[in-house]
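Student: Submitted below is the structure of interest, expressed as structure tokens.
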Amino acid sequence: MSPYRYIAVEGPIGAGKTTLARRLAAHWQARLLEEVIDDNPFLPRFYQDRKHYALHTQLQFLLQREEQRRQLMDTVSEHPVVADYCFDKEFLFAQLNLEGDELALYRALQRKVLPEYPLPDLLIALEVSPDTAARRIAERGLAYEYNFPDGYLRRVAEAYNEFFHHFDGAPVLIVNTDNLNLVDSDEDFELLLRCITDMQGTRSYFNKGAGA
């Protein structure tokens, strides 16, 4: 049984958030809620032409997020939930990819479409270096993900680190995943499970390779 009613796993592209969310949900027999990335028809075009398709992409994700909010509210009252996204990160990507009037328009629509949303009981914040993220992205072989402009993964990682270190809506477990194999290693998964179940206070850090 999950020690938390609602856990959100977040992190940059390539951090392993969906992999971890799936393993946690299976381990605790919790309901899994996944971000619906592939249902956004603008995402491949965004990776080809960020400037032209950024607003389209963000608005489509915003509409999907409202549906996910309803799904979460219907589920969490009866079952523990593990999600591979956190609602608070929406504005993070908007700030990365939009500016000026487009950012103002997005922000206004966000307040209308998603004025309130549930906060997790625990945020598992996955950190990953740009080099590790790039390697993992190449390994999973999604063609449209090869079109990141220079420096984009670094900017995403920096934005997430800033978001994680200032997030105060729930307890936060910050996990550096550079030396973790969340796909195949049961040992690494058990290490992380112990960190989750033993966590005390509002903020904790786990870095497998630190101090070794």
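Backbone N, Cα and C atoms are what each Cβ position is placed from, and that goes for glycine too.
Heads up, here are the entries from TrEMBL:
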DOMAIN    7-196  domain 'Deoxynucleoside kinase'
BINDING   Gly11, Pro12, Ile13, Gly14, Ala15, Gly16, Lys17, Thr18, Thr19, Arg136, Ile137, Ala138, Glu139, Arg140  ATP binding site
ACT_SITE  Asp84  active site, proton acceptor
Student: Please identify which of Ile13, Ile137 has the densest Cβ environment, defined as other Cβ atoms within 10 Å, among these binding-site residues.
Tutor: Ile13
Student: Tell me the Cα distance separating Asp84 (active site, proton acceptor) from Thr19 (ATP binding site), rounded to the nearest angstrom.
Tutor: 9
Student: For a quick check of understanding: among the recorded positions Asp84, Glu139, which residue's Cβ has the most other Cβ atoms within 10 Å?
Tutor: Asp84
Student: Show which residues of the chain containing Ala15 (ATP binding site), separated from it by at least 6 in sequence, have their CB under 8 Å from its CB.
Tutor: Leu126, Glu127, Val128, Ala133, Thr177
Student: Around Gly11 (ATP binding site), how many other CB atoms lie within 10 A of its CB?
Tutor: 27
Student: Tell me, in order along the sequence, which binding-site residues from Ile13, Ile137, Glu139 have their CA within 10 Å of Asp84 (active site, proton acceptor).
Tutor: none
